[in-house]
Amino acid sequence: MPALVLLGAQWGDEGKGKATDLLGGSVDYVVRYQGGNNAGHTVVVGDQKYALHLLPSGILTPECTPVIGNGVVVDPSVLFSELNGLGERGVDTSKLLISGNAHIITPYNVTVDKVTERFLGKRKIGTTGRGIGPTYADKINRVGIRIQDLYDESILTQKVEAALDVKNQLLTKLYNRRAIEAGQVVEELLTYADRLKPYVADTTLILNDALDDDKVVLFEGGQGTLLDIDHGTYPFVTSSNPTAGGACTGAGVGPTKISRVIGILKAYTTRVGAGPFPTELFDEDGEALRRIGGERGVTTGRDRRCGWFDAVIARYATRVNGLTDFFLTKLDVLTGWEEIPVCVAYEIDGKRVEELPYSQTDFHHAKPVYENLPGWSEDITKAKTFEDLPKNAQAYVKALEDMSGAPISAIGVGPGRDETIEINSFI
Ligand code: GDP
Ligand code: IMO
Ligand code: MG
């Protein structure tokens, strides 16, 4: 012990990469437990900026062992290009461990993701096009390919053939595309086997042994609570469980081992892709948040949709994750507004609602009820303690904490490692 989970409390891009990296120095293992290279985690170390998609953010801390858990979906070509990129910048990636049970994003999964989105037309999800949904669908349908299959050519061939049987029918008869040849896929997958081998391990055993040895293990979520397949704004979600329970299934560690669940919470709200977003702004305030916050996707380069802070969402994240703490990020982006609206409740069909409605139809109709909090104009990027913040910024943080249901234990005032106010220690 202790095991900590660090996850997104909104729709992703809350600053999980920075928060994970910050804790990296005091952590022995950093584990990704779900998602794949749909994630885009930015870490700024000194004057160096890193964009990580599949690798855990702990890879940038030499003392830390990065782990890709069984719940992750792995595109080997992306993995290698990320490893190569870091290697060229002098980052040692040799400690990486990958679960043999993790599923592989095959080239046909990527094709199916893109073709399905095109076919959905106006009703598309706005996926990252990385093959995430189809790979998890294959896993649940029991026709997925796992990393360990690369080491048994005959099994691999049988599995790829089984997966392609149905897919080729779909591709040729419904989507009007060419069939994919199983032999070619097997050949491509086998080219990854040797290079992957040294990383492949029984990560469940290693992590449980580490916890028994009192090592510190940090589970780093991708995406966010509202993108969770069960608890998010379905169907406008990703295909995995970024919420806290996902850390257990996605890494093979029991819930009794987890002592802290930290929700990363942006001081305003953003979302990429389609789906409901009650506090979304379509005016110059939204444009200003996008510009000042640099709200452009790390993975797809799409502009992020921006809006004011939504306390209903934050309360919901506290509930479904059992959050013990929040790490509030990007407070500096709000500097300069005279007043900052915060959504404290929704109005749905004329009624005030304090909690996230479980009906998606209601959620689509939710109108934010705002309270205006006084803003501040002082530069806060050098603040080191809570008391260094202007009074109105302190009051904004306190108000968010009261509304969100868990203590705010750290505050981000800039993208760098040192641009953080630590209030309560996480470890
Ligand atoms: P993630 O997907 O949750 O890791 O978040 P992203 O990396 O996609 O997006 C967060 C962005 O905000 C990145 O560009 C970070 O460098 C940046 N960032 C993180 N924390 C802060 C902060 O406190 N202030 C500012 N200004 N930027 C931050
Ligand atoms: P990080 O880890 C923000 C969104 C996509 C789309 C939906 C489904 O950087 O916070 P998918 O490709 O997963 O099937 O797409 O989920 N999405 C993200 N949005 N941050 C992410 O990751 C995301 N990963 C997926 O935009 O709406
Ligand atoms: Mg991101």
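Any Cβ shown, glycine's included, is placed from N, Cα and C.
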IMP binding in TrEMBL involves D13, E14, G15, K16, N38, A39, G40, H41, T128, R142, T238, R302; of Q48, Q158, Q223, the partner in that site is Q223
Near substrate: residues not in V298, T299, T300, G301, R302, D303, R304 with Cβ within 8 Å of the site Cβ centroid are G40, V272, R296, G297
Least surrounded, by Cβ count within 10 Å, of the binding-site residues Q223, T300 is T300
Whole-number Å distance separating the Cα atoms of R304 (substrate binding site) and D13 (IMP binding site) is 9
Densest Cβ environment (other Cβ within 10 Å) across the binding-site residues G40, G301 belongs to G40
Candidates K18, G40, Q223 (binding-site residues) with CB under 6 Å from ligand 2, in sequence order, are G40, Q223
What remains of the recorded positions G15, H41, K139 after requiring a CB under 6 angstroms from ligand 1 is G15, H41
